[in-house]
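Participant: Okay, handing you the structure first.
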Amino acid sequence: QICNQHNAEAPNAEQAFHRMAQTEPNLDHDVSWFLLPSYWAKMVVALMSFLCFANSYDGDFVFDDSEAIINNKDLRAETPLGDLWHHDFWGSKLSSNTSHKSYRPLTVLTFRINYLFAGGFYPVGFHVINIILHCTISVLMVDVFSILLGGLQFSNKGRRLNLAPKTSLLAALLFAVHPVHTECVAGIVGRADLLCALFFLLSFLGYCKAFRENKEGHNFSIFWVLVSVILGAIAMLCKEQGITILGLNAVFDALVINKLNVLELIQKLLHKDKSLENAVLLRKGLLFRITLLMSGGASILYIRWRIMGTGPPAFTEVDNPASFADSLFVRAINYNYYYSLNAWLLLCPWWLCFDWSMGCIPLIKSVSDWRIIALAALWFCLIGLICQALCSEDSHKRRILTLGLGFLIIPFLPASNLFFRVGFVIAERVIYLPSIGYCILFTYGFSLLSKQAKKKKILAVAVLGILLINVMRCALRSSQWRSEEQLFRSALSVCPLNAKVHYNVGKNLADKGNQSAAIKYYREAVRLNPKYVHAMNNLGNILKERNELQEAEELLSLAVQIQPDFAAAWMNLGIVQNSLRRFEEAEQSYWTAIKHRKKYPDCYYNLGRLYADLNRHVDALNAWRNATVLKPEHSLAWNNMIILLDNTGNLAQAEAVGREALELIPNDHSLMFSLANVLGKSQKYKESEALFLKAIKANPNAASYHGNLAVLYHRWGNLDLAKKHYEVSLKLDPMAPGTKENYNLLRRKLEQLQKKGS
C-alpha cells in the first residue's frame, strides 16, 4: 500500500548505534511510496527485473555475439586457459595491430564455462546467466541506494541500518526496469557490463563495511579497504569501467564518512589554511584510505598496461567519426552532443538502437546547427546541479547531489573520449553503471516534489506509471533482441541514416536466401556510406552468384581501392575474374589476398580451382594441400584433391589422400563417396561398397551416391543390387547424367541372361 509513514526500522533516540554521520533530514519523510521490509523490497525488485527481461531467455546469438562467442576460440576446451590472459574480448592477441584492447578475461572465462556446461553453442544458458546477473545487481541496488540516499549508520550490534527504505526501493526499481539496460541483459556480450557492475557494487559495499566499528574500537578496517580494492580490480577484469569504483569510494569517504564541504575545502585550499590538513584529512584516516585506493588503482592500471602493451586500440573513422575530425572545435562539440544524447537515453529511453555509428548521428560542423541547443540544455542542467551540490547550505542536499553526479559522471569517463578514443558513437551498454547516478537524482527530485505537493498520492501514481511503462518497454525491446532480424529491423526507424543498420538487414536477408531483398539494403548501405567496403564486398558476392559479373567486378575493385588490405574482397575479385576467364588477373588477386592474410585456406582453395582449370595440376594440388594444412576440416579442398588424382589416374595417391581426409573428418559423406569411387576403380569392391552404403546412410537423397554404387555392383556382377540402386537414383534425379544409359545397358543384359536361362 502507498503510505506516508516514517521508516519503521529507523532507530529512535534511545537506541544505541555507531554513528558514521550526523543525523540529517530523513529523505523518506515526505515521500508517498511503498514501505516494505528489506526482504520483501528485494523480492519485489528481483521480480520486476525478471519480468522485464524474462522473454529474452530463449533468444539467439545476435550481432556482436557471433564474434565474441561463436567465433571466439578462447571458449573452446582445446584453447589453453592461459591464453585468456593474453587475448582481448574477441579472442585476438593483445599484441595484434587489429586488437581493440578490450581486456576482459574474466567475462570470457564465464562464456567458456557456459559453453562447456552446455556442451556447445546453445544460447539459452548464456541468456539465463545474464538475466540472473541483472536480477542480482538490482537486488544489491536496494542496499546501495539505502546508503547513498540515507547515509551509512550501524546499530550497536554492527548491523547496517536502512534509513531510507522507501526511496531506496524506488531508486532500485527505477534501475531494475530501465529500458536502456536491455542491451546488457538481452545481448549476451552485455555480460561484461553485468559482471563489472556486480563487482563494482560489491566493492562499494565492501568499502562501507570498513567503517563498521571493530572489536579493537578502530574507526575503520584496513582489511575491508583492501578487499574493496581487490573487488575493483576484478570489476576491471570484467570491463574497463570497473576501475572507476575506487574513485567513487574516495568520493563517498570524503562526503559521507568525513562530511567534507567541497566548497569550503576549495576556499581553504585557495587561502592556504594550515588547519586544513589536521582538521580534515588526517582526522579519521581519510588521507591514508585515499592513499590505499590510489596506490591500488595505480598498481592495477600498471599491470593492465604491461599486459596490454602500449599500442592504442585499432578503430576506424566509421566507428567514431568525431574522434577523427581535424578540428578540435568539431571534436569537442560533437563529444558534448554525444553526452547530451546519452543523458536523453536515460531520461527518455524510447529510441533505442543496437548501433549508433555510420551516419546515424551526423557530425555537427557549425554553431548554426540547431542541435547545439541539446548541448546548452545539458550544460545548463549540469551547471545548475553542480552549483547546488557545492553551494547549498543544506548538507543533505549537497551530499546526495554530489553522489548522484559522481555516480552519473565518473563511471562514464572511460567512454567519454576524453582519455582515449573509443570504438563507438553511443553505446547503450556503457550507461548501465551511470544510470545509478540518474536513479539517485530522479529519486531525490521526486522527494523534493513530494515535499511541495499537496496530493502526494497522485505524484506517486505518476511515478508508478513511469515504472510500468518502462517494464512494458523493456519487454518489447528484449523481444526485439531475440533474433537478428527483429533487432536489425527495429533500428531502421531509429537510425535510417545508419549504413550499418541497412548492411545488417541485408546480410540477414542474404543468409536466409532472399538475395533480391538483400541487394536493395546493400545498395542503400553503399549509398549512405560510399566507402563501406564490407557492403560492397557482400553485394559483389551476390551479384557474382547471379552472374552479374561486370557490376560485381566494379564493386570489388572499388572496395580494394578504398581498403587495399581487404583480403576477402581481393579473393572475391579473383573469383569474378576467374569466371570472366581473366586467369592471370585472378591469380594475382588471389596472391594479393594471401599476402594480406597469410592464413587464408579459402583463398588457397579457390587458387587451386584456378590452377585446375588451367591444367596446372601440381600447382592445384599444392594450393589445396595448403588449404588443408591451414584448415584440416576443409572438406572441399580434400575432395578436389581426391577427384583430381582420380581423374589423372593416380589411384594409389588418391586413396592415400582420401584415407588421410577421413581420419580428420570421419563423418563427411562427400569424402566417403569420393574415396569409394577410387576404391571401386582399384577393384577393392567390398571396402568401396561399405563406404558407399555409409555415405548413403548419411545422405540418402543423393542420386549420385546411389548411381555410383549401382555402377560398382554392375562391375562387381551383383546385377540385382545394381538394378535396385539405378532405379533409386533415377527416381531421385531422372536426369542424372549417365545413369539412364547404364540402367538401360543393365536391363538389356538382364534380359539376355533371362533368355539364356529360359
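Just so you know, the numbers here start at 1 and follow the chain as drawn.
Backbone N, Cα and C atoms are what each Cβ position is placed from, and that goes for glycine too.
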Participant: Pick from 188-208, 335-355: which stretch is listed in TrEMBL under transmembrane segment?
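Facilitator: It is 188-208 that TrEMBL describes as transmembrane segment.
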Participant: Would the transmembrane segment (286-305) count as touching the transmembrane segment (372-391), i.e. at least 3 C-beta pairs under 8 angstroms with sequence separation of 6+?
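Facilitator: Since fewer than 3 Cβ pairs under 8 Å link them, the transmembrane segment (372-391) and the transmembrane segment (286-305) do not come into contact.
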Participant: So how many of the residues in the repeat 'TPR' (601-634) end up helix, strand or coil by DSSP?
Facilitator: 27 helix, 0 strand, 7 coil
Participant: Averaged over the domain 'DUF1736' (311-383), what pLDDT does the prediction give?
Facilitator: 89
Participant: How many helix, strand and coil residues does the repeat 'TPR' (499-532) contain under DSSP?
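Facilitator: Across the repeat 'TPR' (499-532), DSSP assigns the residues as follows: 27 helix, 0 strand, 7 coil.
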Participant: Short question: most Cβ pairs under 8 Å with the transmembrane segment (430-449), which of 131-151, 403-424, 458-476?
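Facilitator: Selected stretch: 403-424, with the most Cβ pairs under 8 Å.
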Participant: So what's near the transmembrane segment (458-476) in sequence-distant terms, Cβ-Cβ under 8 Å and 6+ beyond its ends?
Facilitator: 2, 32-33, 48, 51-53, 55, 170, 173-174, 177-179, 181-182, 349-350, 446, 449-450
Participant: Using DSSP, how many residues in the repeat 'TPR' (533-566) fall into helix, strand and coil?
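Facilitator: Counting residues per DSSP class in the repeat 'TPR' (533-566), I get 27 helix, 0 strand, 7 coil.
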Participant: Sort out the residues at least 6 away from either end of the transmembrane segment (131-151), same chain, that have Cβ-Cβ distances under 8 Å to it, and list them.
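Facilitator: Counting only partners 6 or more residues beyond its ends, the transmembrane segment (131-151) has Cβ contacts under 8 Å with 20-21, 24, 26-28, 38, 41-42, 45-46, 48-50, 53-54, 56-57, 160, 162-165, 167-169, 171-172, 175-176, 181, 184-185, 191, 194-195, 197-198, 201-202, 204-205, 208, 252, 256, 399-400, 403-404, 407, 436, 439-440, 443-444.
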Participant: Are there residues at least six beyond either end of the repeat 'TPR' (703-736) with Cβ under 8 Å to its Cβ atoms? List them, or say none.
Facilitator: 669, 673, 676-677, 680, 685, 688-689, 692-693, 695-696, 742-743, 746-747, 749-750, 753
